[in-house]
């Protein structure tokens, strides 16, 4: 506390160093999320291969869509890392300016990067907090609340799924699936005949496993 109970402002250099530390911490969080999603994707690939061997086209399609969602999430996380690197570079520049001018300067590069970062759900809270601190320090201007994802995101995902599903299945099954989705069952091995009760139990177990896998992927992406 300063005189008369007022909070003393931190020196600009200390602020910049604190922001840099927070950003590096968030980058490590993003790295972990990317690794978790990619590990789960490997499990999905194995499930696609198993489903293809059993002739379960519908299961393959559902899993392929999950992979598309996961890859899209990973792509966004990599983009967020690039933006965080831009902010870190901006912080280095601020320290250089501080040594010469004695004060922090407004930065359009940092502003643009932070505008993108506050839209990433995984790091949104921290980035909003940093944005407020940077606005107070005069590095960036007040940002408008235009941080909502496109309302057409789900629709775009479905369209992308239709476009990418052949490629994903072809890639995972080494050509057994993917060229013609409406005809893939013709090229798939016939499932081994099972008793009615055994087949029903297997289907229930597979459905439960599929739902569990979808739930894990959704949790990692949220």
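Backbone N, Cα and C atoms are what each Cβ position is placed from, and that goes for glycine too.
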When you get a sec, could you say which of 22-54, 55-87 is annotated coiled coil by Swiss-Prot?
22-54
Motif 'MIT-interacting motif' according to Swiss-Prot, located in which of 179-189, 201-211:
201-211
Which residues, sitting 6 or more apart from residue 48 (site 'Important for autoinhibitory function') on the same chain, put a CB under 8 Å from its CB?
60, 63, 64, 67, 169, 172, 173
